[in-house]
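What follows is a short report on a single structure.
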Amino acid sequence: MAQQTPSCKPQACAIQNCLFSNNYNESRCDQAINDLYRCCEKFYKETNSKGVTPCCPKPDLLRTKMTQRGLQEE
């Protein structure tokens with residue numbers, strides 16, 4: 001049986017690649033981080049916050065992080 005790729009893994013990997021490429025300067029990877037958080041938000045909406053993926057913070061922490069970054073939905 002084929003293993004399924006965890007939700008939002010490409011976005012999580014993009015953050016790792018960005019950090020590596022930018023000498024671990026997180027401020028240069030804001031877009032990649034925002035993309036991951038948006039992906040995670042979509043994932044949790046689709047699973048009624050019951051889905052599990054190693055690539056995303058828990059739903060409560062995700063909401064906090066999105067609010068801090070001004071990414072909350074209107």
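Numbers here mean position along the shown chain, with the first residue as 1.
Any Cβ shown, glycine's included, is placed from N, Cα and C.
Candidates considered were Cys8, Cys13, Cys29; the recorded disulfide partner of Cys18 in Swiss-Prot is Cys29. Between Cys8 and the candidates Cys13, Cys39, Swiss-Prot records the disulphide pairing with Cys39.
Non-local contacts of Cys8 (disulfide bond) by the CB criterion (under 8 A, 6+ apart in sequence, same chain) comprise Leu36, Cys39, Cys40, Phe43, Thr53, Cys55, Cys56.
The helix, strand and coil residue counts that DSSP assigns across the domain 'CHCH' (5-47) are 34 helix, 0 strand, 9 coil.
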